[in-house]
């Protein structure tokens with residue numbers, strides 16, 4: 001494809017013959033519309049409808065929530081497209097689905113299904129230990145996880161239009177999500193006060209592209225929408241992440257593994273909208289039934305999904 | 001002048017940023033008390049369900065309201081393509097609006113929209129950049145509704161059946177309307193650097209203020225926020 005001015009897509013003999021482009025602003029635009037919202041993991045069309053009724057701004061369609069992936073083990077892959085199609089037909093809000101890190105064909109399939117976002121997720125088993133998907137080659141926008149600023153900017157340079165913290169999915173334990181968001185926001189705070197001449201070395205230190213580090217410095221925030229994810233189980237958890245500086249929240253196992261998913265889903269949505277109003281938070285936290293039991297991360301046997309990829 | 005921006009979800013920060021660039025204060029509104037026209041009730045219903053009646057009163061009192069995208073849907077009197085069971089509407093705009101008219105995210109797009117009315121009032125180029133994100137479209141507009149922008153639907157599109165009126169030549173849907181104190185756009189001006197829609201709305205608001213005896217938007221000064229640090233804006237991607 002040399003000389004056509006088109007970025008070569010996956011080398012010679014690839015299945016894709018035309019350049020796929022969608023302006024980056026349109027990709028980020030949808031994430032901007034999701035700000036202040038909650039995105040919930042659902043495994044059936046019925047759960048998807050519950051999520052929509054509760055006020056979720058989008059749903060993540062999958063076969064197994066992270067807590068079940070942990071419990072059952074084995075290789076976790078992209079879900080059956082039939083399930084994703086059924087979930088897409090049952091709601092009018094955006095639908096997202098997960099693809100394995102580096103598995104660009106799973107992403108191509110998800111794009112062909114016409115869903116709204118792909119989550120290149122460390123919760124699924126890695127398909128490529130070294131590389132992530134080149135997200136610029138797709139018209140569908142991607143959301144990727146991060147543990148620190150460097151990782152976030154590397155994903156953005158690869159073409160991610162939305163970032164979430166990795167947290168520790170499926171544990172119902174907010175500690176890792178807090179660690180990750182504090183790391184990102186902390187680095188941004190340091191960056192904001194840094195002398196411009198020092199940014200080159202800082203970019204090298206966090207292994208991130210200089211231009212994005214500089215853009216982050218000028219904006220005082222990541223250049224894309226940043227959500228919290230990984231371990232949110234209660235309205236208080238959700239509001240904590242919002243107050244720490246996130247634009248919205250993903251809730252995975254936290255809703256449908258709890259005692260009363262309908263009530264809890266609504267409570268978490270209210271908590272994210274009114275995150276700085278303790279009276280509302282108190283009201284919505286009352287009488288929610290059991291939260292998901294969760295896992296304590298002091299146990300060495302708990303696998304750390306977040307450290308699977310850099 | 002203070003403008004209240006409904007801050008339940010979505011790009012409200014971008015709207016506030018656009019207003020700030022024009023030197024106007026934007027205040028996040030999440031509760032009916034912040035509209036200061038609704039008496040406080042000890043109500044067990046959710047805050048949201050108290051907010052909608054408050055907003056309906058706001059519209060009935062002929063206060064200026066601008067709905068973008070989902071806002072257009074809320075303001076419409078009739079909506080098609082809703083989730084089963086429908087959704088609560090504020091109403092007031094004599095239009096039929098189709099949710100997600102163009103499709104899902106892969107059908108979202110940016111386009112140069114011809115906007116003759118806007119250009120004649122606000123100056124600037126004859127077109128504006130419309131960012132359509134899973135956008136709705138107005139299928140039908142009542143007689144009192146002023147059409148400000150239309151968008152052509154490609155002839156091979158599956159959407160063509162949705163259009164109720166039969167026209168010769170290229171079929172179009174309406175994407176920006178004005179009716180009295182209501183302005184509605186299916187696209188997102190706050191995601192672009194073009195602030196003409198915001199100045200258009202502010203001028204519309206001052207014109208209404210001159211007519212009415214009360215001031216336009218009485219918003220409670222601060223919402224009891226513990227979050228001290230200012231929400232910083234995302235870049236506007238060209």
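We count from 1, first residue shown onward.
Any Cβ shown, glycine's included, is placed from N, Cα and C.
Annotation source TrEMBL lists domain 'PdxS/SNZ N-terminal' at A:24-229. Looking just at the domain 'PdxS/SNZ N-terminal' (A:24-229), the mean pLDDT is 95.
Summarising the annotation, TrEMBL assigns D-ribose 5-phosphate binding site to A:41, A:170, A:231, A:252, A:253. If you take the C-beta of residue A:252 (D-ribose 5-phosphate binding site) and look for same-chain residues 6 or more apart in sequence within under 8 angstroms, you find A:40, A:41, A:60, A:65, A:66, A:67, A:123, A:169, A:170, A:229, A:230, A:232.
Annotation note: residue A:98 (active site, schiff-base intermediate with D-ribose 5-phosphate) sits in a strand segment as assigned by DSSP. Marked as active site, schiff-base intermediate with D-ribose 5-phosphate by TrEMBL: A:98.
Within the same chain, residues at least six positions away from residue A:182 (D-glyceraldehyde 3-phosphate binding site) with a Cβ under 8 Å of its Cβ are A:244. Per TrEMBL, the feature D-glyceraldehyde 3-phosphate binding site maps to A:182.
Classification of residue A:252 (D-ribose 5-phosphate binding site) by DSSP places it in coil, neither helical nor stranded.
For the recorded site, residue A:231 (D-ribose 5-phosphate binding site), the DSSP three-state label reads coil. Secondary structure at residue A:182 (D-glyceraldehyde 3-phosphate binding site), taken from DSSP and collapsed to helix, strand or coil, is helix. When the alpha carbons of residue A:253 (D-ribose 5-phosphate binding site) and residue A:98 (active site, schiff-base intermediate with D-ribose 5-phosphate) are compared, the span between them is 15 angstrom. In this structure the residues listed as binding D-ribose 5-phosphate are A:41, A:170, A:231, A:252, A:253; their two most distant Cα atoms lie 12 Å apart. Of all Cβ atoms in the protein chains displayed, 30 besides its own lie within 10 Å of the Cβ of residue A:231 (D-ribose 5-phosphate binding site).
Excluding A:41, A:170, A:231, A:252, A:253 themselves, the residues of that chain whose CB lies within 8 A of the CB mean position for the D-ribose 5-phosphate site are, in sequence, A:65, A:66, A:67, A:169, A:171, A:172, A:230, A:232, A:251, A:254, A:257, A:292.
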